[in-house]
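Here's what TrEMBL has on this protein:
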ACT_SITE  His181  active site, proton donor
ACT_SITE  Glu310  active site, proton acceptor
BINDING   Asn85, Arg86, His181, Ala182, Tyr183  beta-D-galactose binding site
Amino acid sequence: MSEVNPITITQTPWGTHRGEPVFLFRLTNAHGSSVEVTNYGATLVSVVVPDRAGRQEPVVLGFPSLEGYLRDRCYLGSTVGRYANRIARARFALDGKVYPLEANDGVNTNHGGRAGFHARVFAWEQHSNGVSFTYTSPTGDGGYPGTLTLRVAYTWSDDQALTITYTAVTDQKTVANFTNHAYFNLAAQGTMLDHTLSVRSSHILAATPAYIPTGEIIAAGTRQLQQSTVRQKVAPMDGRQEGLNDYYILDKAIPENEPVAVLYDPASGRQMDVFTSYPGLMVYTADYLVSEQPGHIGALYKPFDGICLECQYYPDSPNHAHFPDTTLAAGEEYREWIVFKFSTQAQ
């Protein structure tokens, strides 16, 4: 899907977390465009790509130092697991046994709990065109069964394609669902409300006000995204603006070489095409985004400064037998991938 040429990789000490060293890795391609990642949370720190005038600017929200991530509560750029998104009532049953989890979102669990993979220090390994991060989660970690080893590989190419590959194995049957929680702003400033978004999906998961799937699959209706301006999807609600926090089920039989979603900023001309092996994606317009530390733009982040396109399995799948199965058994390999490909369009 992308060119495979050697990428320049630099590694910089970035601090420590609980006595473990943290590093920042910068991957730079032949055009001077770059990606930064860190082994803290296997996190995507920045993506710097040109606009239509050739200006290289950061299009992923993030922090210039480790301290910002240690104090972050919004998962900026993080790898989330063991189970991305929500599990209702912080519990699920597997082979007749109920596994209680940490409730960190009211009575529910979200993104693996307070000490999910976003807050762990991963082992790392450099490759010719990227970096991979590995973490082994012991059985009972967060309440989940099985010792699970996750490998997250980031690769960057000269055709501006960032590929994230997730592979995992376990020694006992468990559930697993991994994604990246990057917030994108292709304008590199302000909000992303004037971006347009298309998602190849005609159905979404019905959900409660707490964003827990009811189990019903419904037509996207007014939430369908076909070159829609994000601003059109944001509505006043109880004195605040409410945007999207919906799981979109991708249409069947989309070829691997065709994007499942396209994000575009008319002002800068930047476009991001999304490809994935996952069956759907969570579209989140960052209604609740806050930060305690200034980000790459030198200011605190606020709602609608970025948009998340979280490719993943269905939320709360372990509690819905008719949702795609997210169990991972001993001897099986979890393997899924996401590609974010950047380009520019003329006015």
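A Cβ is built for glycine as well, from the same backbone N, Cα and C atoms used for every other residue.
Note: Ala182 (beta-D-galactose binding site) has non-local neighbours Leu44, Val47, Val60, Leu61, Leu76, Gly77, Gly306, Cys308, Phe340, i.e. same-chain residues 6+ apart with C-beta under 8 A of its own C-beta.
Closest to the residue listed as 'active site, proton donor' by Cα-Cα distance, out of the recorded positions Asn85, Arg86, Glu310, is Glu310. In this entry, Asn85, Arg86, His181, Ala182, Tyr183 make up the residues listed for beta-D-galactose, with the farthest two CA atoms of the set 18 Å from each other. In the three-state DSSP scheme, Asn85 (beta-D-galactose binding site) falls into the coil class. Of the recorded residues, the residue listed as 'active site, proton acceptor' and Tyr183 (beta-D-galactose binding site) place their C-alpha atoms 9 Å from one another. DSSP classifies the residue listed as 'active site, proton donor' as coil under the three-state reduction. Every protein chain shown contributes to the tally, and the Cβ of the residue listed as 'active site, proton donor' ends up with 22 other Cβ atoms within 10 Å. Sequence-distant neighbours of Arg86 (beta-D-galactose binding site) (same chain, six or more apart, CB under 8 Å from its CB) are Asp105, Asn108, Thr109, Asn110, Ala210, Tyr211, Ile212, Pro315, Asp316, listed in sequence order. The Cβ of Tyr183 (beta-D-galactose binding site) lies under 8 Å from the Cβ of Val60, Leu61, Cys74, Leu76, Gly77, Ala286, Leu289, Tyr301, Asp305, Gly306, Ile307, Cys308, each on the same chain and at least six residues away in sequence. The Cβ of Asn85 (beta-D-galactose binding site) lies under 8 Å from the Cβ of Asn110, His111, Asn177, Thr179, Tyr247, Met282, Glu310, Gln312, Pro315, Asp316, each of which sits 6+ residues away along the same chain.
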